[in-house]
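Shown next, in structure tokens, is the structure this report addresses.
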Amino acid sequence: MKIAILSRNSKLYSTRRLIEAGRTRGHTVRILDPLRCYMRIAADGFSLHYKGKPITGFDAVIPRIGASVTRYGTAVLRQFEFMGTYTPNPSDAILRSRDKLRAHQLLASQGIDMPVTVFGDNPDDTQDLLSMLGPPPHVVKLNEGAQGAGVILTEKASASRGVVEALRGLYANFIVQEFIGEAEGADLRCFVVGDRVVAAMRRQAADGDFRSNLHLGGTAAMAEASPQEQDVAVRSARALGLAVAGVDLIRSQRGPLVLEVNSTPGLEGVEGVCGVDVAGTIIQHLEQAIR
């Protein structure tokens with residue numbers, strides 16, 4: 001099998017592990033920087049070039065597209081799709097996952113529970129908008145933030161109004177959610193490949209923070225996801241059209257709640273903590289998908 005990995009940095013842990021796993025299983029693996037790909041679009045066919053040469057013959061493409069290059073990276077991935085190349089995470093699925101508002105609408109439509117979420121665009125409606133959510137604390141999130149960036153905890157109604165109105169003044173897109181205090185700054189990252197959870201880790205926020213992202217100083221330990229949590233994680237990935245996903249849940253009094261579905265989850269944390277060959281499992285999924 002000939003596999004392309006769309007990645008801007010071949011030295012990143014996740015990219016290196018996918019290369020290693022693919023080659024270990026006897027496949028040809030090539031790294032392509034999506035920003036150096038260019039394409040021809042016409043009724044008579046689609047084509048891609050890279051560094052002056054046509055890109056042909058790939059059986060599968062694994063997107064490792066960073067948030068900063070989402071628009072062009074997904075355009076390149078879509079070109080691969082139109083050329084008949086399999087991908088576990090299609091371009092439209094990635095776009096769904098990176099729009100928090102759209103993702104939550106899709107999850108809710110499938111009966112998947114999450115922190116209650118509100119969204120609005122009219123500054124005159126701020127107080128009524130927040131009343132739809134309930135009393136603070138509230139969590140304000142930029143709609144396209146990543147790795148914990150653009151996430152603010154407000155503990156008073158006046159603070160919530162102030163943050164919402166400030167973000168509106170900056171023409172920022174954001175959502176506001178209820179704060180789940182019983183989670184105590186912890187979440188559960190479930191790594192989904194295909195139709196199952198292959199690894200799970202519990203992430204704990206650093207002292208003084210409520211965001212559990214490892215990039216922000218959080219810690220992680222191997223965890224066992226309950227059957228209900230596994231079901232929610234798999235259904236969440238499926239609802240967005242993703243075959244490979246990191247689904248972040250919090251444990252609440254009303255059961256598991258989905259915080260986010262990540263379409264480009266890092267492998268270093270989960271492989272290091274859980275000792276699971278996640279990269280190899282992703283390659284096995286490709287093999288099964290294109291038989």
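Cβ coordinates are placed from backbone N, Cα and C, and glycine is handled just like the others.
What Swiss-Prot records for 104-287 is domain 'ATP-grasp', and it gives sequence analysis as the kind of evidence.
The DSSP secondary structure for Phe179 (ATP binding site) is coil. The ATP binding site annotation in Swiss-Prot covers Lys141, Glu178, Phe179, Asp187, Arg211, Ser212, Asn213.
DSSP assigns Asp248 (Mn(2+) 1 binding site) to a strand in the three-state reduction. Around Asp248 (Mn(2+) 1 binding site), the same-chain residues six or more apart in sequence whose CB sits under 8 Å from its CB are Asp187, Leu188, Arg189, Cys190, Val258, Leu259, Glu260, Val261, Asn262, listed in sequence order. Annotated Mn(2+) 1 binding site per Swiss-Prot: Asp248, Glu260, in sequence order, evidence recorded as sequence analysis.
Secondary structure from DSSP puts Glu260 (Mn(2+) 1 binding site) in a beta strand. Its Cβ placed at the centre, Glu260 (Mn(2+) 1 binding site) has 21 other Cβ atoms within 10 Å. For Asp248, Glu260, the entry in Swiss-Prot reads Mg(2+) 1 binding site, with the evidence type sequence analysis.
Annotation source Swiss-Prot lists Mn(2+) 2 binding site at Glu260, Asn262, citing sequence analysis.
Annotated Mg(2+) 2 binding site per Swiss-Prot: Glu260, Asn262, in sequence order, evidence recorded as sequence analysis.
Take the CB of Glu178 (ATP binding site) and look out to 10 A: across all protein chains shown you find 19 other CB atoms.
Less than 8 angstroms from the CB of Lys141 (ATP binding site) sit Lys100, Gly150, Val151, Ile152, Phe174, Ile175, Val176, Gln177, each of them six or more residues away in the same chain.
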